[in-house]
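For reference, the structure is listed below as structure tokens.
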């Protein structure tokens, strides 16, 4: 099935991924590529329209130039912020540094146009938007007209109606721009004429066919962690090739309570997936003995996982493919780190950490999907919603939620405390009937390797401390601590102290990010 596509050229904005998310939310497929994507590749991609992202640079910097042949393809182009300046500069207009940076909320007065018709906030012909720019367009290219302005930016929006070129000096992709989604939908659906055929049933059908074509009769191995990405990848691949898939589930002793059983029940028993369960708790605990530095713990856990997985992989002599749960943000971030051009700077282990001499071919069926799309896919494939929508869990597991040295005793105490906290979050609702688990973005318990004095019954206790952490965030870059009801915190504390022998004090973390990080290590 062929589907209409939108191409986004990324000039380095921190929020370019949000453009892609908004387009996908309109059920139109899109891809995000570096601004220097060759013109022949753009033609081969055959987009219905092109969006030029924002970016931190100046149009006068030669290192940040897209191929201007995009303006000769006869398709609509939308320039956002820097993208608008790039469009104006290369089509004969002028761009100059602004007398003052415009950052934050602004009101744009609009003039009726194909892009803005019927879209407004409050007052007629007014848009509440989010600006973030220094340079600005000072002279329009020939054939363009102003369709929006602010007091400090006379050319805040421009259009060439004949060629369907549009420029906007604000960010429609962020939630602060109230009608941003409507503007992007107008461009994608109405101006570009893209048909909204990007749906999960269509994706499953295409992905299954692609996996079958790619793999043929070969066998595939996948490291199953119990996390969302690897679980959904396993379910999708199994839907496509059945028993040709073998999953290796490494239990390092640092999983959540009953997680090992849950994974085995779900995949091996309910879905009929071949799963090799490796109990490696002793091996991991031995390697972690005496280690207190968080980064060293992470490296040890990562190295041991690879060692255990490799040992199992060598036994599966017929496996030709290694499957991974790589998702689209991983691909984008790794591309940015390699080229130094895109907006992100971290390399993801799924994409950048494979051994150079790896003999297995790589299968990444989720690499075109964002996280929320992966969750939607998981539900469509029959995975339990409760599992698919679980809060994030770190790769090293409880190893980075036990401060200092990791011991089996500590992990067992933490597992029980964490499970009680999550149970009560799920069971307690706000006035609208929404559970506090769903109201928070991430919640967990932390084991503190310090003892405090307590009194239980007629006796004195000297036991360990548990810290509770719950945050609310939209992007995990910044976060607010969740203002949980005192009654909920009190119930969690009472249950942990009474039910988990070895804990006599519970504290709640009220630090935001920044200055604190979400995880304690």
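Just so it is clear, glycine is given a Cβ too, placed from its N, Cα and C backbone atoms.
Under the DSSP three-state reduction, residue 81 (active site, nucleophile) is assigned to coil, being neither helix nor strand. Its own atom aside, the Cβ of residue 81 (active site, nucleophile) has 26 Cβ atoms within 10 angstroms in the protein chains shown. What Swiss-Prot lists as active site, nucleophile is 81.
Sequence annotations record features per position, and here Swiss-Prot assigns active site to 171 (among others). All protein chains considered, the CB of residue 171 (active site) has 25 other CB atoms within 10 Å.
Under the heading active site, Swiss-Prot lists 173 (among others), citing similarity to another entry as support. For residue 173 (active site), the same-chain residues lying six or more positions away in sequence with a CB closer than 8 A to its CB are 15, 16, 18, 19, 21, 22, 80, 180, 184. Reduced to three states, the DSSP call for residue 173 (active site) is coil.
Per Swiss-Prot, ATP binding site is recorded for 225, 226, 227, 228, 229, 230, 231, and the stated evidence type is similarity to another entry. Annotation for residue 231 (ATP binding site): same-chain Cβ neighbours under 8 Å, separated by at least 6 residues, are 224, 225, 263, 266, 267, 325, 378, 383, 387, 388. DSSP classifies residue 231 (ATP binding site) as helix under the three-state reduction.
Annotated domain 'Glutamine amidotransferase type-1' per Swiss-Prot: 5-197, in sequence order.
Positions annotated as domain 'GMPS ATP-PPase' by Swiss-Prot: 198-390.
Under 8 Å, Cβ to Cβ, and six or more positions away along its own chain, residue 227 (ATP binding site) finds 325, 393. Regional average pLDDT for the domain 'Glutamine amidotransferase type-1' (5-197) in the model is 90. Residue 230 (ATP binding site) and residue 81 (active site, nucleophile) are 37 Å apart (CA-CA, integer value).
Recorded residues residue 226 (ATP binding site) and residue 171 (active site) have their alpha carbons 37 Å apart, per Cα-Cα distance.
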